[in-house]
Amino acid sequence: MLYFLDQGGETEFGGWEAVYNSNLNCSERYAVAEQSSGAVFNLKDTAYRTSIEYIDGRVMTRAQVSTGIVTSRSRYFFFAVGNCNTACTADYCADGVDIYWSLNSTNGNDGMFYFGADESSLWATAVVFFSIYFLVAKNVLSIRRSLLNERKYHVTVSFLVVSVYCTWIRLLCDVVVYTKYKNSGKRTPAFEAISLLFAGISECMLILMFMLIMKGWTIVRRKISANGRMRLAIYLAIYVTAHFTCVLFYTQGVDPADVVYMFDTWPGYVLGLLRVALFLWMWRAKRVTLYKYNSKVRFYQRFTLFSSLWVISLPLLVCINYAVDEYFRAKLLYGIELFLLALTHTTLTVLYNPKYASSFPFHATTTAMLRGGVRMSNPKDISETQLRQATEISRRIKYGIGVLQQFSRDLTTFLEEIDPVEKDLIENDEELPGLGTAPVANAANTNSASKVNPFSRARKDKIPSVQSF
């Protein structure tokens, strides 16, 4: 059994690449292993060796070797098994190697020693972001309930909800994978596949939502043109195909001895180029949308900033991939990816929260979007529905003014009819039987008393008659 060390520097895997898939014969590869690391284990010399005879006549030998390696820095180790002495007839001298092997490597302190140097913080990172996304998912559920009550839970918001919960499920699978690996040193391929699947769904949902929002759908327009829908569908189909091709190519079609990063493949490069194209298109779409509709400016400024930051993060991570050491790459890129994703999801939940009126983007209800009752356009334009509503309001106001005018005329006529009756009542007043006249104070006031005093009595006694009239 041979093992090879990385070389460090710019030719990190130079020694291994010179041996792996090369034209060197077994003896030459044996010599490279001795020169680079000096580590060659002869399995026939190990004390842990037993022979097992199978029913078909084959005899298999079981051997076990254990060793320890101390290095001054983090390194990659590549193990290989070879049979170079083809002339001998003793054990372990067959012309080929029919082998079933298991390699158990430990590293670091107790409790985390199954993780390599490039994986030392993956479990802690997954647990932390799983807890963070539990709170984000709870907040998204609360916002969804509020938007449903206000009838403003649009399709674009549902894409955000799906993306958040897919990320939460992905992190749950990551926690399961890394917890089992921490305890037993064994992977769980099923949960790893589920994690990659939900990560892809979450990413595609965000991409779709970004494109629709940048076109103004559910924000300032009710419908996207047929050509616009076709272009969005073509781009999304290419992106989804490239993403899952990259995942399948990395998990099934790539030799792990050649590639140590998922996006260091040709589908990964295609994804990076698609992200760059989407980044440029988003800024152009924002300018066109604001130029045509000139509304929701504050929302689009914040939305474009955080969404474009996440979109361009993949090409940046691919570039960082070549700038950092291989043994530090996995945990760094995993943490940056989850941080930017959590930042984007959290920002979108704040923007979609109806409590923050300054950034809340929706003014049309879901019913209006489905039935077309509101034309999502420039607020200065007047739609046909608004004209009909204004005409109906004007008709009702005109009718109310007519009713008030008729009431005013009737009241005037009533007052005019009351005036002669009151005059006749005053002039032709009669005393009720049995009532005496008031004493006359002096002769000089007889005429005035005869005019004033009866009027006072008449108004006091005859008011009920006037009211009944």
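Just so you know, glycine gets a Cβ as well, placed from its N, Cα and C.
On a predicted model such as this, the values are computed, not experimentally measured, just so you know.
With a cut-off of 8 Å between Cβ atoms, the residues of this chain six or more beyond the transmembrane segment (122-141) that come close are 112, 115, 160-161, 164-165, 167-168, 171-172, 174-175, 178-179, 181-182, 330-331, 334-335, 338, 342, 345-346, 349. Summarising the annotation, TrEMBL assigns transmembrane segment to 122-141 (among others).
Residues or ranges marked as domain 'GPR180/TMEM145 transmembrane' in TrEMBL: 132-347.
Feature annotation from TrEMBL assigns transmembrane segment to 153-171 (among others). Sequence-distant neighbours of the transmembrane segment (153-171) (same chain, 6+ residues past either end, Cβ-Cβ under 8 Å): 126, 129-130, 133-134, 136-137, 140-141, 143-144, 147, 194-195, 198-199, 201-203, 205-206, 208-209, 212-213, 217-218, 338, 341, 345, 348-349, 352, 362, 366, 369.
Look at TrEMBL and you will find 191-212 (among others) tagged as transmembrane segment. Under 8 Å from some Cβ of the transmembrane segment (191-212) lie the Cβ atoms of residues 155-156, 159-160, 162-164, 166-167, 169-170, 173-174, 176-177, 218, 224, 232, 235-236, 239-240, 243-244, 247, 251, 278, 282, 285, 307, 310-311, 341, 344, all in the same chain and six or more residues away from its ends.
Annotated transmembrane segment per TrEMBL: 232-251 (among others), in sequence order.
Per TrEMBL, the feature transmembrane segment maps to 266-283 (among others).
Counting residues 6+ beyond its ends, the transmembrane segment (303-324) has Cβ neighbours under 8 Å at 206-207, 210, 213-214, 261, 263-264, 268-269, 271-272, 275-276, 278-279, 282-283, 286, 332-333, 336-337, 340-341, 343-344, 347-348, 351, 361 in the same chain. Look at TrEMBL and you will find 303-324 (among others) tagged as transmembrane segment.
The region 'Disordered' annotation in TrEMBL covers 432-469.
Annotation comment: TrEMBL describes 443-453 as compositional bias 'Polar residues'.
Remote same-chain residues near the transmembrane segment (232-251) are listed as 192-193, 196, 200, 203-204, 207-208, 211-212, 215, 224, 259, 262-263, 265-268, 270-271, 274, 278 (criterion: CB distance under 8 Å, separation of at least six residues from the stretch ends).
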